[in-house]
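Novice: The domain 'G-protein coupled receptors family 1 profile' annotation in TrEMBL covers 31-289. Under the heading transmembrane segment, TrEMBL lists 16-40, 52-75, 95-121, 133-155, 182-206, 227-252, 272-292.
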Amino acid sequence: MSSSNTSSYPYAARQVAIYAGIPTLIGGLFGEVMNIIVFLSLKTFRENSCAFYLTVMSFVNIGQLITSLLFQIMIRGFNIDWTQTSVFYCKFRIFILQFCTLMSCTCMCLATIDQFFATCYTQFWQRLSNIKLARILTMIYFCIWIGHGIPYLVYLDVVRNPSTGDTICTIINETFTNYFNYGFIIILAGFLPIFISIFFGILAYRNVQNSIYRAVPLIRRELDRQLTTMVLVEVVFSCITTAPYIILYVIIRDPQITKNPFVYSRLQIASSVLFNAYFLHYATPFYIYMCISERFRRQWLYVVFEMHMNRWNQPTFPINQISPSSRH
């Protein structure tokens, strides 16, 4: 393979980062904001524990898109790396990134588990699906993942790469590097949440299918069916977009593969494509809900055009400061 063909691979990776990454970023931010508006505007969702998890997930997904996808677009697309010049940004970005990643995965898992509890036949399990417990669990995991990020503040630093001479933001502890590559990315942010979400999502879906034979109020049944379908489809889509990138990440860790410049260049293109596909998990929940749930579409139209647009379009009349004169 000629050197010109090999050198064209970084250019292709840059084009993928720009023309796939930027639309994903813009569409993702818009979609997550729409989710937040809908979930917080309707009492049906505000009082539902599963919807509470989805609301929190929308907030942290915004943080994930900004701290990770935007950063990668700047690096791969425009060769701008802010972590090379700022130790604070080097540490703080990864700290926020790991928190948003793990919090998003946690909310997805808790949402599927909550729907399993909510659709169970036994009253004991149903009582575990409540907004108070959801808030407590969210705060607990919030603190856990904040604590989980402290080692990143300690072991991340800006150092000079001996082979290229460039400054890079990297973990300076070898043991913690291994944990980051395998414990964090592959397990905590990879296959573990996928397995948990799929397992409880299937159980919740089975419970919903069996609910037609139980004396469940129609409104409650429709809400459970809506949320279970939304969550389960999102879990399946997450598996499709996340698993290939995680697998490729494991392959790239092999030093024997990266020694071949031709193979490494092609892997960089694949990594760029799958990296953008990976972020579809954080960017597409709103569009998934709109596609699969007619009820969510009606709720979105009602919230945007009847609740908020009408409020903005209501005419405002100036207060009459002069009392009308009485007739004689």
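Numbering starts at 1 and runs along the chain as it is shown here.
Every residue, even glycine, has its Cβ placed from backbone N, Cα and C.
Each of the listed features needs to be described in terms of its position in the shown structure.
Specialist: Cβ atoms under 8 Å from those of the transmembrane segment (182-206) belong to residues 98, 101-102, 105-106, 108-109, 112-113, 115-116, 118-119, 228-229, 231-232, 235-236, 238-239, 242-243, 246, 249-250 of the same chain, restricted to positions at least 6 beyond its ends.
Sequence-distant neighbours of the transmembrane segment (227-252) (same chain, 6+ residues past either end, Cβ-Cβ under 8 Å): 48, 50-51, 54, 108, 111-112, 115, 119, 181, 185-186, 190-191, 194, 197-198, 201-202, 204-205, 207-208, 258, 267, 270-271, 274-275, 277-281, 284-285, 288-289, 292-293, 296.
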